[in-house]
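Asks: Quick one: the structure is below, and I'll ask about it shortly.
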Amino acid sequence: MAIKAEEISALLRSQIENYESEMSVTDVGTVLQIGDGIALIHGLNDVMAGELVEFHNGVLGLAQNLEESNVGVVILGPYAGITEGDEVKRTGRIMEVPVGEELIGRVVNPLGQPIDGQGPINTTKTRPVEKKATGVMDRKSVDEPLQTGIKAIDALVPIGRGQRELIIGDRQTGKTTIAIDTILNQKDQGTICIYVAIGQKDSTVRANVEKLRQAGALDYTIVVAASASEPSPLLYIAPYSGVTMGEEFMFNGKHVLIVYDDLTKQAAAYRELSLLLRRPPGREAYPGDVFYLHSRLLERAAKLNDDLGGGSITALPIIETQAGDISAYVPTNVISITDGQIFLQSDLFFSGVRPAINAGQSVSRVGGSAQIKAMKKVAGTLRLDLASYRELESFAQFGSDLDEFTASKLERGKRTVEVLKQDQNKPLPVEHQVLIIYALTKGYLDDIPVVDITRFEDELNHWAESNATELLNEIRETGGLPDAEKFDTAINEFKKSFSKSE
């Protein structure tokens, strides 16, 4: 076959004309030192603060310390394969995580990568992890209740949508249980929940995920897990990743509940990173900006005004104390940032009062505006009753001669404590809470033995579901308190069929 020279030259000419020279210029640096999840890099002179850099094996790092001769980078992943002299290149982008509806029902790490073995997450939307909090004029005051389903909280320390309410207490006092119960109670409420597990055992995270799955709560929940075995940088960024995922829903007019479990471990991880980066230590060896670490996170929880869609993020940060010391550095910081705290006491927990909420030291700075009218009316005197009972209880230990008024106060107090007890993973609808608290405050439980109170409440709830549906529906739908006559009739009717124990 004859090859024509003209055809070859024409073909070559067309190929050369269509050739585009593509070159990309990237800043490249060299690893000077590596260890404990920190790398010192020489040569990345133009790197931005918080920029992602890429190591030769594909592992990413976060530029934290920008110094004259080197850059301190925290490594977001395994660093065993990185050695001195390795090449590092800039990516030109700051850290982002995937966001969107596709994340609901999944368990992801702080980088947004799935760790539940259910395949990739098909979302193309991302948001930067570090973002300025919503401005003052874009917010609205908190005026809408977020029902936790826990009587002691909804009655005494109510939480509103857009609020930051701290859960604080020693280890093993039921902090996570309160948070999980609140997530369970958001079923059918149109709230997206995000549970951020920081520095917990893998087995604990797995147990909590299973609890949510069995209750059907994973249908509206995202779990962000940075377990104890992960490098410190992942524990440090986990809460920011969680709130970034939540902001996507908030700016689309939805309500979000986010739980940070717990910020003590995040602060410890940040302290570790700061000391390794040779930043000067301050009180309790924490760096000087540990307040800003938590304030910039918690300020991102907000209730947006109606022009921006009226969405909200409600934050429940958890802090673990040592021997009830709430005056330590991190607890005092977070107490000053949040809109109130739920203080759990180990003494109460071990004496069988669960949830072990200390009503005297717990407070909600939003208060009554985060309660439905019915609850506000029936629970108005509850805190004072409980406080006076605790005071009288300590005096009553010293003498047996009590006047009738004091004795009746003590008896009412015992019943109040009993009513506020609640089993875990059994959140109670607000209409049932109003019913039992009305019965308590109006004296209907005064003639019921203390040992029967829990049974009385359970049976009253079952009875009301079939015999007082109008009353319950009115509370649920209007939020107002029905006529006292309706309550009195219903409770008296039930008491006729209730049998006290001998």
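Cβ coordinates come from backbone N, Cα and C, glycine included.
The structure displayed is predicted, hence computed values, not measured ones.
What Swiss-Prot records for G169, D170, R171, Q172, T173, G174, K175, T176 is ATP binding site. According to Swiss-Prot, the feature site 'Required for activity' maps to S362.
Where in this structure would I find these features, and how exposed are they?
Replies: Proximity of K175 (ATP binding site) to non-local residues of its own chain (separation of 6 or more, Cβ distance below 8 Å) is seen for I167, I168, G169, D261, D262, I318, E320, L344, given in sequence order.
A coil conformation is recorded for S362 (site 'Required for activity') in the three-state DSSP classification, outside any helix or strand.
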Asks: Highest Cβ count within 10 Å among the recorded positions Q172, T173, T176, S362: which residue is it?
Replies: T173
Asks: Do you know offhand how many angstrom separate D170 (ATP binding site) and S362 (site 'Required for activity') by C-alpha?
Replies: 14
Asks: Using a Cβ-Cβ cut-off under 8 angstroms and a sequence gap of six or more, which residues of the chain neighbour G174 (ATP binding site)?
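Replies: In sequence order, L344, F349, R354, P355, A356, Q424 meet the Cβ cut-off.
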Asks: According to DSSP, collapsed to three classes, what secondary structure does G169 (ATP binding site) have?
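Replies: In the DSSP reduction, G169 (ATP binding site) maps to strand.
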Asks: Relative to the mean position of the Cβ atoms of G169, D170, R171, Q172, T173, G174, K175, T176, the recorded ATP site, which additional same-chain residues have Cβ within 8 Å?
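Replies: Residues close to the ATP site, other than G169, D170, R171, Q172, T173, G174, K175, T176: E320, L344, S346, F349.
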Asks: Looking only at C-alpha atoms, tell me how far T176 (ATP binding site) is from S362 (site 'Required for activity'), rounded to the nearest Å.
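Replies: On Cα coordinates alone, these residues lie 17 Å apart.
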Asks: In whole Å, note down how far the CA of S362 (site 'Required for activity') lies from the CA of R171 (ATP binding site).
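Replies: On Cα coordinates alone, these residues lie 17 Å apart.
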Asks: Count the Cβ atoms, other than its own, that fall within 10 Å of the Cβ of D170 (ATP binding site), considering every protein chain shown.
Replies: 18
